[in-house]
Amino acid sequence: METLVFLFSFSALGILYAMNAIPELQEPYVILGTGVAVLVVVFLFYFLITRGNPPKDVLFFVFAEFSFTCVIDLTSALEYDGIMSGFMKFYQKTGEPYLGTAYAIMMCYWDGIAHFVMYLVMISRITERKGYRTLGLLWAGSLSANMSVFIAGIVAGKYGSEIRPVFWLNFLFLLMPLWGAVTLFTRPKDRPLIGGYNAQHAQSMKLIWRPLDLMLVLLLLAAMAFTILRGLVALDSPLEACSVYLKHYEPYLKDPVGFPRVMMLHLFFYGLPLLGAFVYGLLKPGCTWMSDWTVFFAGAMIQCERSAMGLETEKEREREKEEEEEEEVSGAAEQHSLAEEIKRRTAAHLLHLDSISVVIAMFPKGSQPLALGKLSLLVFSLTYALSVTSLPADIEKGKRKVVHVLEDDTGAVVVQTAPGKVVTHRGGSITLPCRYHHEPENTDPGRIRIKWTKVTDALQFEDVFVELGRQQRVFGAYQGRVFLEQAGPGDASVIIQNVTLEDYGRYECEVTNDMEDDTGFVNLDLEGVVFPYYPREGRYKLNYHQAEDACKQQDAILASHSQLHKAWLEGLDWCNAGWLEDGSVQYPISHPRDECGRKDNPAGVRNYGYRHKEDERYDAFCFTSKLNGKVYFLKRFKKVNYAEAVKACVRDGSVAAKVGQLYAAWKFQLLDRCEAGWLEDGSIRYPIVNPRSRCGGSQPGVRHLGFPDKKFRIYGVYCFLHNKEDGAGGTVTTKGPTDTLTRRKSSNSSPMNATRVI
């Protein structure tokens, strides 16, 4: 029977392939309905084939049903890792997008391999009328911990606002193992315990004379201390030990997806009392409950820790992927990368196989079914073969990312995007490169759809441009600015003109041939400057959304982590934490000191992690780029208050400069003026390119004198004058790929650092 279950479970691949190919089956409620229908059909299938010889244990149907879903989970993990494709892409977008997180991927691997083998073993034991209670408790503990963390992490984490209908099916996979655990706990044990008198006699001895129990007690106490530490970290404890541990050992505990934190809280509130109970059970005689709960707890711990081990691995892989996208790799480096990838995937699958060995070890010698060894070897061989055989396609194409889109037996579309990133500035033009060609070349180009989208968040996209045959459409703020380059056959590159700050980010080029599609990515970077900002109300007054608005009001956007890190490399040193565009709170320290996180801490970008966007308040780190105009100091015969300063700029045909505009002028126009002046937000600042002693110190930068009284304090004023082309609504033209801005010189233009007298 276990062989039939094993083979029938792989029919799930056919269902996934059909749903991935039929758009009508990819709507959220249709996915839910299809999932329920498939589960019912699978149950009826096993019910009908066993009607002549019904199983004595009703849990047989649970194990057979869940074996089918194990193949789905394994397929999801393999597809997210890029080992296979064409089965789960629809589910990643409209089903459960959180399955792409590190925890969920490891969870799917664990379910698709370890739980799958457990189900087959327990089905084999049921059909042979043999006991499986110990293995069943291990499974119940593992799946219960798995799903309780998974469901709570979805609701409490960043995906809580993106819950789709199919999410509710997860409660079935939480309730079934709980019901199974209650059922198994009430059954007699597989093997009789040691006699009560012998157990009491052994445990009545002092602990020092029981070395094995003593060692277990010490290990349990150490595990309790470690669980308390991780729990306090998850609860945002201000203890120094928690900060050090979070920074150097498990930084992913602050991941906004929620799974790591929920897992540590589960262990803190539920695992910790059980560990204490186990210590008590080793010290006091007669605790017959201990063996069952130990097995149940072991299943939960194995699942949780396997997933936790995968979190840091996934974070390293994400960092490595980002680095690979930003640099060209030589041929020798590619061969080394190939070898490292083979070793990594081999180690990962050996890790899963090692997990299976824990299950096998639960059986006494001689009782392990022969089918278990064959099935576990088969599962491992299949996943390892898929992993290794997928490698050469990634490597052999050299320095360019190449993806193939299969088109039945008639040919293929090959998409190529340039590695790394392209760089421009605000107001410039840039080409986002993407090319494709047909195999064979006589494929009808009218069947090709080209679509560009901007990645705004994990699995969230903003439409930019789409072309199908002769039809084209540009979306939203990109209208009138985005055009297909059309440099020849197979050119899917687009040109973005008059680039804005909001254009910064990652873009996806998708080429579709009939029902198949795949993508390439291009990063658009901007030359610019990062600056810290806080409002007149004072420091640490902005939640995330207020910080976002504050940057926009100052002609900027919230900076990204990479932009802040680059600014730190260039010398930015700021002692107040501020929001970044990803919802994290960080601050750069170039010169460590006690008042800024201790003097003995190394220089770097300090990270508070991802914070609550509504409740917590910090400053902001803003990013701006080159101006479509110029900033100048408007010198008057007398200094003025804020209202008079604003009117003076208006009379001069300009407006009071914003903070972002002053920083951009300091960075790109090299504006240097040792005289304080009003800005649009009511602050007093002045830019220094060439430091001198009488101008605020030895470092270049924009000096900030605070927010004085607008009515009674008097200063000069910095004004901003738009380029006439922009003011008239004209389009800024560029010189091809060099992104050199071509502007007509105004007849009344003045030198960059000149002042006007009125």
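Cβ coordinates are placed from backbone N, Cα and C, and glycine is handled just like the others.
So that you can see what the record holds, here are the features copied from TrEMBL:
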- 1-18: signal peptide (SIGNAL)
- 28-49: transmembrane segment (TRANSMEM)
- 56-181: domain 'EXPERA' (DOMAIN)
- 58-78: transmembrane segment (TRANSMEM)
- 98-123: transmembrane segment (TRANSMEM)
- 135-155: transmembrane segment (TRANSMEM)
- 167-186: transmembrane segment (TRANSMEM)
- 207-229: transmembrane segment (TRANSMEM)
- 263-283: transmembrane segment (TRANSMEM)
- 311-336: region 'Disordered' (REGION)
- 370-391: transmembrane segment (TRANSMEM)
- 412-525: domain 'Ig-like' (DOMAIN)
- Cys575-Cys596: disulfide bond (DISULFID)
- Cys674-Cys695: disulfide bond (DISULFID)
- 730-758: region 'Disordered' (REGION)
- 731-740: compositional bias 'Polar residues' (COMPBIAS)
- 747-758: compositional bias 'Polar residues' (COMPBIAS)
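Counting only same-chain residues at least 6 apart in sequence, those with a Cβ under 8 Å from the Cβ of Cys575 (disulfide bond) are Tyr587, Ile589, Arg593, Glu595, Cys596. A 10 Å cutoff on Cβ-Cβ distances gives Cys674 (disulfide bond) a total of 14 other Cβ atoms nearby, all chains included.
Residues of the same chain lying 6 or more positions beyond the ends of the transmembrane segment (135-155) and with a Cβ under 8 Å from any Cβ of it are 59, 98, 103-104, 107, 110-111, 114-115, 118-119, 121-122, 125, 163, 167, 170-171, 173-174, 176-178, 180-181, 184-185, 257-259, 261-263, 266, 292, 295-304, 307, 359, 362-363. Beyond the transmembrane segment (28-49), the same-chain residues lying 6 or more positions past its ends with a Cβ under 8 Å from any Cβ of the stretch are 4-5, 8, 15, 19, 60-61, 64-65, 68, 90-91, 94-95, 164-166, 168-169, 172. Most Cβ pairs under 8 Å to the transmembrane segment (207-229), among the stretches 58-78, 98-123, 167-186, 263-283, belong to 263-283. At the 8 Å Cβ threshold, with sequence separation of at least 6, the transmembrane segment (58-78) lacks contact with the transmembrane segment (263-283), having fewer than 3 such pairs. Break the domain 'EXPERA' (56-181) down by DSSP state and the numbers are 104 helix, 0 strand, 22 coil. All protein chains included, Cys596 (disulfide bond) registers 16 other Cβ atoms within 10 Å of its own Cβ. The Cβ of Cys695 (disulfide bond) lies under 8 Å from the Cβ of Cys674, Tyr686, Ile688, Arg703, each on the same chain and at least six residues away in sequence. Long-range contacts of the transmembrane segment (263-283) within the same chain, counting only residues at least 6 positions beyond its ends with a Cβ under 8 Å from a Cβ of the stretch, are 103, 145, 148-149, 152-153, 203, 207, 213, 216-217, 220-221, 223-224, 227-228, 230-231, 233-235, 253, 289-290, 293-294, 297, 300-301, 304, 307-308. Taking the domain 'Ig-like' (412-525) as a whole, pLDDT averages 81 in the prediction.
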